[in-house]
């Protein structure tokens, strides 16, 4: 790119405004007219129109005239109908009202109508809500932002959209995964090379970019090869292979055959002899032009035989077919989990390495996946449009609402492949799987038990007696936050876990699960000594004390020991003593003390 955009407006009061765009040296009037029709140049004029300052002019008349000319260059009433101009204005306002974290990303897709924006956002919402190959509490392993014509593997490249760089620099999209290029190149051969070249050309600056970007990307932009930032600043042979293959003199790219070398050298100098008749964009290879023209014609020749969905490029179709085949060729060396996409594996590996590339601009919290950041941002905006009809709780995502509804229905769709245990939430499954995935490597020095890192911290509170979670109503303290949440339902009266069979509600999910076994007759906990079976693990533990003779609950007054910590029913006390009210009250008070402490307090 010769230089950055510069606009100069010189006007006398009696002369028409003259706007000069200095980007390239156009040799003919036809070149300039063709360039004027480019969508990106219209975007430049729109930016100057919106950001025009009154102080830049000598007076109000000049300011008005310059605004008129900039608006004319943007909307172009000589070529656009009223409906098209109206659509441009609606599109601009639509992009303006989008959440800030979405604006820059949507504008990178270069939508030309409001309908295109809607399609992009609906596709994004569907991908965010899909369970996919999930490995974290927030999202799954998904390529949410890889649409058909979005570049793959441009790691380290800054966004070249004028809007994202100038108007909203702090919402630039984080880099995508560069490894995808290598994988897809192997799978699809030269087809991906063609697509990669076009993507590189489409990512050339069209707006008010800085010379810094041009210097950093001068090599990679010429030939479409991708380099990491450190590779660009170091030796140009960083991408060449160790086995002395022919390399390009321009950038050190390895080439396997002489034909590849000839073709590659024609691309590197920037020769672009194939021009698009619709928008004027030029390409170095005819195949790139053909694929680009499908944007204008709407042609999608590559059709999936399974679902009928069509695509503009063969590479995108190949990537799509993995959904139907269920193939998962990319395997994690740490835990053995397999994925259908390289990017999914790459994101998953961040769980092991601890890398978190995506940061929240509001609170600084970091995430390993882009979807996790998007969901987190909604917390700050308090955007919770999805409401549960059972308990009226609201959620920021439809997928979270669906998971929450499992609390009421008892559905547990997330099952562990190792032990078969099922969970309502995917995050609970992920935490559980740490047990199987060699995460249980932190040992308690007090008792020798092993836990995950977070599990060890909670466990050690048993030995230290620390109870950091305190109830504000009764000041009772707990070791875990979940225990505090369950306790607080005593004060609020909330019983979110309801039985579908009899309608009875409970404060804890585990109690509901145990209750439902009354209806199903299931008794999964069996005593090894006598064969008796029980609905709950607590009942089994209490029963086993009959065989072991264990009595862990001891009275502080007399030393008498008990197997259970049982309290007498309030209703039972009042019914038995209805003729002697004072006796009933005394017994009711004594029932507030556990059985193993009330044996010596007969004076109540």
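Even glycines carry a Cβ here, placed using N, Cα and C.
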For the zinc finger entry in Swiss-Prot, name the matching range from 251-273, 274-296.
274-296
From 175-197, 497-519, the residue range that Swiss-Prot assigns the feature zinc finger:
497-519
Can you check how the pLDDT averages out over the zinc finger (330-352)?
81
Tally Cβ pairs under 8 Å between the zinc finger (414-436) and each listed stretch (330-352, 442-463, 469-491, 525-547), then give the stretch with the top tally.
442-463
